[in-house]
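The signal peptide annotation in TrEMBL covers 1-25. Sequence annotations record features per position, and here TrEMBL assigns disulfide bond to C76-C87, C92-C98.
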Amino acid sequence: MASPPSASTVFLLLLLAFTNSSVNAATFTITNNCSFTMWPAAVPVGGGTQLNPGQTWTLDVPAGTNGGRIWGRTGCSFNGNGSSGHCDTGDCAGELSCRGPGTPPTTEAEYTIGSSGAQEDFYDISIIDGYNLAMDFSCSTGKALKCRQQSCADAVLFPDDPIHACRGNSNYQVTFCP
């Protein structure tokens, strides 16, 4: 008969479970509701991918991620292995997996995920760099933002415009062409 685990073993297992649960502070589900293929991009976490109509892409974003952006690219064409190409809007140096911001115009979902244990995250839709796709951006515990035309009340137009707060460790939904 096996002996029960020691107190130090139980403590270590609890510590590992807590550490693993706080590593991914937020999950982003990105959905293409457009009638055409589009290529969402995300920095500093995610890079980019191709999404056909109706497909989703899920990103796990770690605590402490600052200045995150998600935007849609349109009219893209990449070589067979995706290492080089071009997009009509939102292009990021011809890369499928972006490492920097996209070329305007881009409708952007912007976010900052608080550090582990933080009470709040911050998010907004920005059209400071222009508008290229309709977008909804929501937090599971905050306001649902909608930007479905070039001038939309929920979007940030200037760097000092207000942003929205969401309880830390929330889930987010970005929908293109809602």
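A Cβ is built for glycine as well, from the same backbone N, Cα and C atoms used for every other residue.
Just so you know, TrEMBL annotations are computer predictions that nobody has curated.
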Rounded Cα separation (Å) that holds between C92 (disulfide bond) and C76 (disulfide bond): 11
Whole-number Å value for how far C98 (disulfide bond) lies from C87 (disulfide bond) (Cα to Cα): 12
Rounded Cα separation (Å) that holds between C98 (disulfide bond) and C76 (disulfide bond): 13
Among C76, C92, C98, which are disulfide-bonded residues, the residue with the most C-beta atoms within 10 angstroms of its C-beta: C98
C-beta crowding around C87 (disulfide bond), within 10 angstroms: 25
